[in-house]
Amino acid sequence: MLLIEYLTKKRELEALEQEIESLKDTAEVRADLELVDRLNALMAEYAIGFNELQYMLETPGVMAIGFATAEPMPQEVDSLEAAPASALEPEPPKPKPKPKRQEKQSQEKQSQEKQSQEKQKQHKQDAPASAPGSIYRKRPLRVFRNPHTGEVIRTRGGKHRQLTEWSARYGPDVVAEWQEE
């Protein structure tokens, strides 16, 4: 089973090598390889890495003011052959400006958002709140009376220290029965 997989991979490798050789014979690939060799030689001559070269070519005005004043480069790649494939691909096209129709729609969305914010502010003022400006209502006050000790606890949350101690000691179901109306 493993031998069959090995032989098929070997055949695929041989087919790819033949395809590479046939591509090397084309004039276009030869010209591109020659350009890469020349660029690598120039980069070595001037001690410039791939990222620096890419930065110089892509950043407007860097060639005019000189590279020494430019910002520091990210990770360094020594040659074009070692460059990641994503670095060699062209940048995606920039988005086109919005037509006026879409601008009008976006203005309508902004006005709708403002209206909804005003409604929320009004709702905040109408609703009883725990803190000024809060849109949440206060939790209801719950009163628990321990029949064993007669102690009374008033809480709005469920994590009251004494209440959790009672739940651990007597059980949560029993403590829930102690809640007064």
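For all residues, glycine too, the Cβ spot is worked out from N, Cα and C.
Of the candidate ranges 6-33, 62-89, TrEMBL annotates residues 6-33 with the feature coiled coil. Mean per-residue pLDDT, taken over the coiled coil (6-33), amounts to 91.
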